[in-house]
Amino acid sequence: MVVSYFKVYVACQSMLVVLVGAVPEYHIDQEGIPASRAELAKHIHFADNFTSIVTEASTSWYLIEREAYKVSLASSLFFAGLLIGNITFGPLSDKLGRKPVYISGLFFDVVFGYVTALAPNYDVFAVSRFFVGIVNGGMALVSFVLTQEYVGKSFWSFTGSLTNLTFAVGIAVYALLGYCIREWRYLALVSNTLGVIFLLLSFMLPESPRWLYSQGKTAEAEDVLQYIALGNGKERLNLKLKPSAGTFRKDESAPGILNLVKHPVLRWRTIILMYIWYVCSFVYYGLTLNAGELRGNLYLNVALSGLVEVPAFPLCMFFIEKSWSGRRKTMTCFLIFAGFACVFTMFLPTNAGLLLSPTLLALCGKMMVSAAFNIVYIYTSELYPTVLRNAGLGVCSMSCRFGGVLAPFVPSMKSLSPSVPFVVFGVSGLSAGFLTLLLPETLNKPIAESIEDLQSPKYQVLKNE
């Protein structure tokens, strides 16, 4: 499915600064640091056989020494953009439809991606990363919801896991591209061109039948379901949908984001989920971006940080469908295990060997938190009714992006002690894991279509098996 596999492109954009902002070994052939960047350009020599925004020849670049913080700043601006995109695109897609908002976001993502690759100076590069973050985060969120709403609830764990799995694979693909393309501008151009391919394919997608149904457009929803059935090789169905009980009239406004605060059930769910999303992003991106600072081959470390997630997805699919574990207990366990994996790094010496190295524990923590991140997408989708699903996911993703904004700066805390960043990630994971226990289980529950559905007993108790 196009909207699942396009996460490869999203991963390339999210990880862009890890390689195009990598700092190669260098030396300055004079004592002290030159007063100006123009003077610095005459005396600095980079050792490695790749380029990055750090090594750009223009005097407005050279992001080392006093300017080194600008690499992390560009990454944080991207995540700040994601925050804005999550706030705006979710409610927009609830009102205007999933498909038009998704395609519009992907179009502008590609446009700003090319601006990034061709940026004449750091300022343009940083601003373009901010705008890439806005459209990238917004349409990635909408695309996930669109993927879920194309299929029945029994397939949500599979499609949700597949979507997030392609993101992990995308990290490895980006590392391979970086290994083959050592010039940062060419790498940014090639990575962004993947978006053009997915943009052209996306025009063939239908609108979400669940969204159409929730808007009272039952005839259009029936047409989309017929289209999907024919695409699956089924014969034409005699399909007739009943009007949605929660459908609002044309003279009424659609349920807005304030309903997440007004409705008592949704209010507490949203507060807890916002913190869990924040922690998942904070730990996930903190460990992912830290891959560029680990010892060893840069490209191998980045690829491993993606590939280590792959085993997490079959584990998710297995546990979240079992009645004795479900969504809530499984996510709790993954977050707690991720927390302990990070905390235990403080007890290991850096030269303890591969099997007991902090790097190995960090990769284990990455696998666990990526599993939790995968589940929280699926779990959150099931906790909100259709009319507010994108708004709910948007608010949760907003808090998630605060974690992404802070994550690039946490590895710098290793100046206090090499284990400090991992302890910060570990404590965060443990706290989120225990908070998850306050949420209801959604396994074997029907999906609410409207706010009114939340009052019905059948949405409050598990179905009898």
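Cβ from N, Cα, C; glycine included.
Per TrEMBL, the features are:
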{"type": "SIGNAL", "residues": "1-22", "note": "signal peptide"}
{"type": "DOMAIN", "residues": "1-444", "note": "domain 'Major facilitator superfamily (MFS) profile'"}
{"type": "TRANSMEM", "residues": "68-89", "note": "transmembrane segment"}
{"type": "TRANSMEM", "residues": "101-120", "note": "transmembrane segment"}
{"type": "TRANSMEM", "residues": "126-146", "note": "transmembrane segment"}
{"type": "TRANSMEM", "residues": "158-178", "note": "transmembrane segment"}
{"type": "TRANSMEM", "residues": "184-205", "note": "transmembrane segment"}
{"type": "TRANSMEM", "residues": "268-287", "note": "transmembrane segment"}
{"type": "TRANSMEM", "residues": "299-320", "note": "transmembrane segment"}
{"type": "TRANSMEM", "residues": "332-348", "note": "transmembrane segment"}
{"type": "TRANSMEM", "residues": "360-379", "note": "transmembrane segment"}
{"type": "TRANSMEM", "residues": "391-410", "note": "transmembrane segment"}
{"type": "TRANSMEM", "residues": "422-439", "note": "transmembrane segment"}
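Looking at the domain 'Major facilitator superfamily (MFS) profile' (1-444) alone, the prediction's average pLDDT is 82. Counting C-beta pairs under 8 angstroms (sequence separation of 6 or more), the transmembrane segment (299-320) reaches the transmembrane segment (158-178) with 3 or more such pairs. Residues 3, 6, 13, 16, 58, 85, 89, 92-93, 128-129, 131-132, 135-136, 138-139, 142-143, 146, 185, 188-189, 191-192, 195-196, 198-199, 202-203 of the same chain lie 6 or more positions beyond the ends of the transmembrane segment (101-120) yet place their CB under 8 Å from a CB of it. Proximity of distant same-chain residues to the transmembrane segment (391-410), defined by a Cβ-Cβ separation under 8 Å and at least 6 residues beyond the stretch ends, is recorded for 72, 75-76, 78-80, 82-83, 86-91, 94, 137, 141, 144-145, 255-257, 259-260, 266, 270, 273-275, 277-286, 289, 376-377, 380-381, 383-384, 421, 424-425.
Between the transmembrane segment (422-439) and the transmembrane segment (268-287), the number of CB pairs under 8 angstroms, six or more residues apart, is three or more, so the stretches are in contact. Long-range contacts of the transmembrane segment (126-146) within the same chain: residues 3, 6-7, 10, 13-14, 16-17, 70, 73-75, 77-86, 88-90, 92-93, 98-99, 101-106, 108-109, 112-113, 115-116, 119, 160, 163, 205, 208, 377, 381, 389-390, 393-394, 397, 401, each at least 6 residues beyond the stretch ends and with a Cβ under 8 Å from a Cβ of the stretch.
For the transmembrane segment (158-178), same-chain residues at least 6 beyond its ends with a Cβ under 8 Å from one of its own Cβ atoms are 1, 3-12, 14-16, 19, 50, 143-144, 147-148, 150-151, 187, 190-191, 288, 299-300, 302-303, 305-307, 309-310, 312-314, 316-317, 370, 373-374, 377-378, 381.
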